[in-house]
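> Sharing the feature lines straight out of Swiss-Prot:
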type     : residues                                                       : note
BINDING  : GLY701, PRO702, SER703, GLY704, GLY705, GLY706, LYS707, SER708 : ATP binding site
COMPBIAS : 125-134                                                        : compositional bias 'Low complexity'
DOMAIN   : 350-633                                                        : domain 'ABC transmembrane type-1'
DOMAIN   : 666-902                                                        : domain 'ABC transporter'
TRANSMEM : 85-105                                                         : transmembrane segment
TRANSMEM : 182-202                                                        : transmembrane segment
TRANSMEM : 206-226                                                        : transmembrane segment
TRANSMEM : 275-295                                                        : transmembrane segment
TRANSMEM : 347-367                                                        : transmembrane segment
TRANSMEM : 392-412                                                        : transmembrane segment
TRANSMEM : 480-500                                                        : transmembrane segment
TRANSMEM : 572-592                                                        : transmembrane segment
TRANSMEM : 607-627                                                        : transmembrane segment
Amino acid sequence: MTKKNFNDEENESLLETYNKQQQKQSISTTNRSDQKFGINNANKQFSLNNKKSINGEEIDEEELIEDTIFFKFKLDSKQRNSIKLFIQIVSLVILAGYLISINALYFSTNARSIIFYPSINSNTTDSGSVSPTSTPSPTPTPTPSPTSLLLQTLTSTTTSYDSSEIEALNGGTFNMKYFFYFSTFDILLISYFISLFWLLLIFSDSFIYHTISYIITIIALIYNVIKSYFTITQILSINNNIITTSSSSNEIYNGSDSYLPNESPLFDSLKVREIIIVIVLVGIPLMVLFLVLHIITLQLSFKKYKRLSDKEKQFYNQSNEEKRLNKKVEVKHSNLKRLIQLSRPELPIILAAMVALVFSSLTSLAMPYFFGSIVQVVATTHSFNNLNSSTLALVVIFVIGSISTLVRSWLFYLAGQKFVARIRRNLFSSIVNQEIGYFDQCRTGELLSRLSSDSQVIQNSVTVNISMLFRYTIQIIGSVILLFITNWRLTLLMLGIVPVLAISTVVYGKKIKQLGKQFQDELAKSSTTGEEVISNIRTVRSFSKEQKFIDLYSKDINGSYLIGKSLAVATGVFSGIVFLVAQLAIVLIVYVGARQVLDGTLSTGDLTSFLLYTLSLAMSLAFISSLMTDFLKAIGSSDRIFEIFDRVPAINVSGGKQIQNPLGEIELKDVEFSYPTRPNNSVLKGLNLKLSKGTITALVGPSGGGKSTVIAMIERFYDPNSGSITFDGIDIKELDPVWYRGIIGYVSQEPVLFAGSIKDNITFGNDSATMDQIISAAEKANAHSFIEEFENGYDTIVGERGVRLSGGQKQRVAIARAMIQNPMILLLDEATSALDAESEYLVKQAIDEIMKDRTVIVIAHRLSTVINANTVVVINQGKIEEMGTHKELLNNTDGIYHNLVKRQLSSDD
């Protein structure tokens, strides 16, 4: 067996292949990791040469680091999720422990003082026993406050107690049954809040779901505050009742010790203050800690990046040498957050609209209260004065609400129109500033769809929908608060539907966002097909392919229809679930509320108000679910738009050096190039070419050899894969593209005119040109005579792409457009091929005149175009095969140029 030996070149090749594989593997791993944590990788480019822009600045990844409090720990996804789960458990233990303590304090207080409530129908004996049949000593009944009346419902579930219960109360025990019920409820409620928060984090990393998570967290904290307030208020009420009763009834206060072991009020003023202080001092830090833990959870859910300081860079690079792959990273925020940031210029209008929105929402919240008042008047007092005042209040509320709604709608719509107009301007700017290679890869119809369809979806979301979202959010929060005030038991019963709605919303939201993006993609396909057919209708008609493209367009439309059908099914299922759950909840609330009315614990007016608030809440939830659909569609559409926003052009449109006194010499050195759409197919292969000032260079050769590519490279439509192109010895990559292209006159093989007048198209090369200069340029291009024959002369509209002019007329207008620019370099891509012999001769005379002291490159298959060139360059398969004058190359009978001329002369004969 012989051992295979590798030379140095083979070793270097193997090493290079291995490094590329490792780099691809690392990039793939990074992409998967970033996608998991919500980083959009659509525009990430890992290249040794291309930099990515962060806030307008190009930064390498080695200068960036994860900007979270955990970046030094290098946590993977499993470790992050484990920490998040641990935080949720700690949060649950903290809040549950706090609420259990509150319940223990509350029910202990209630048990020690319940014998002083006048509702207890019990008698005492001298021995301290209690007899249900004995007559209690008369004691003054304290007048409770409205708050205490509301809070006493927690304990006034019975109106009489037997002796064993009183003895248990006298012993200082508390009602274990109710303590267990309420503590269990609190634990379940907080568990629900935390579980919902966790579900939202698991199902999505988007900004909107994390915002909902924050709202849920705040609701949990508000519940804590309400619970603490109830406890403090009830303790104060109990303490006041004890003091009042003991001071007015010596029989009870000075009776047997079995009534009250301590012959003093349960809490004096000092102790009450101490209890309140303890609740506040313990509760507030716990709430802050709870919020901090959730902020940490969000920190673990997103990867953010910051620029390293010199000290951090040194530390990070020393400990992470494997990170030195020179990859580029682009930082992106969630699309919703970016849309909000883009709307900052409209912030004053939005704030004014928000004020009107608050008034509009408050009037909606006030209506159920006054409707309930009217019902209560009809059911009880039958007072016309109360009826009139309540009705008048409703009329005033309606007027205020109408005016507020008018102002709100107007301002939000105005802000939305300004916002979307700026989005479209920025999007169009981003599109036209991309390099030419980008347009080779993207279809025109798809880009037009981004400008029209996707922008329209965003417009609807940021105008009407955003105002409605804020309005219904305020109504939901206000309705929940007023429901708690009206009857907290029924409110808690109603909130049982929230878990079902929340989980449905999360699952539905993910599905809608996915379908929304697919729907916009299919619309873009159909737009592309339609644009191509309409713009090339003459070709379609000449081949009688109308039905073929109708079928193709129908196929594209059918694709969007199928996705739209899935979207409709998802929307229908979600709406059905929401409606069913909401209606069942209303039926249950009506039943329980009616029982409370029959028991006398709830008034008819309060039940009416409660039902109206419930209906308002249900309608608001239903509207928000519909708005969520539109928002998720908008987010899906914004994905496409922000991909264009974030894409950094490979070739800048401006910025760079400007040469004060240019000579006009161009040199191509070892240029290799392949088009972005065909990266494996080399078009230019090590091409070397020098173009001197004032010389005419003709490029000839078989079709597909690379002649037009050379023109595109000189114009810097593309950058070479390797090698360089210099202008007066300076690489054109260092030159200002605006200045550089300003000294180049270009006439393409298929000149394109814009849908304006002939004058507009000629002045496209020089916006400041006078009418005399326009006419002079047209005369030099032999275009003035046919322009004057038109009824409107130079103001004649040429139609889309110059469709109203003949091929020769379009060519001459394009030449005039190049001439008026007074360029230093002329690029003529078969510029006279569309002219007849006489026009070509006249145009050639004009071109010969403006060629003096200019660098000229001309591509032509016609012998007459290149016969007077200083140098003829034969390009075949991306290489220069021959170079010399026309006579020199013609004398080479075996050369490509000789054969080309011979074939053309034969065809002319």
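Yeah, the Cβs are placed from backbone N, Cα and C, and that goes for glycine too.
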> In this structure, which of the binding-site residues GLY701, PRO702, GLY704, GLY705, GLY706 has the fewest other Cβ atoms within 10 Å of its Cβ?
GLY704
> Highest CB neighbour count within 10 A among the binding-site residues SER703, SER708?
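For the binding-site residues SER703, SER708, the Cβ with the most other Cβ atoms within 10 Å is SER708.
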> Through the lens of DSSP with three states only, how would you label GLY701 (ATP binding site)?
coil
> Quick check: which same-chain residues outside GLY701, PRO702, SER703, GLY704, GLY705, GLY706, LYS707, SER708 lie with their CB within 8 A of the centre of the ATP site CB atoms?
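My list of surrounding residues reads THR709, ILE875, ASN876.
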> Where does GLY706 (ATP binding site) sit in the DSSP three-state scheme?
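Where GLY706 (ATP binding site) sits, the three-state DSSP reduction gives coil.
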> Roughly where does the domain 'ABC transporter' (666-902) sit in mean pLDDT, to the nearest integer?
83
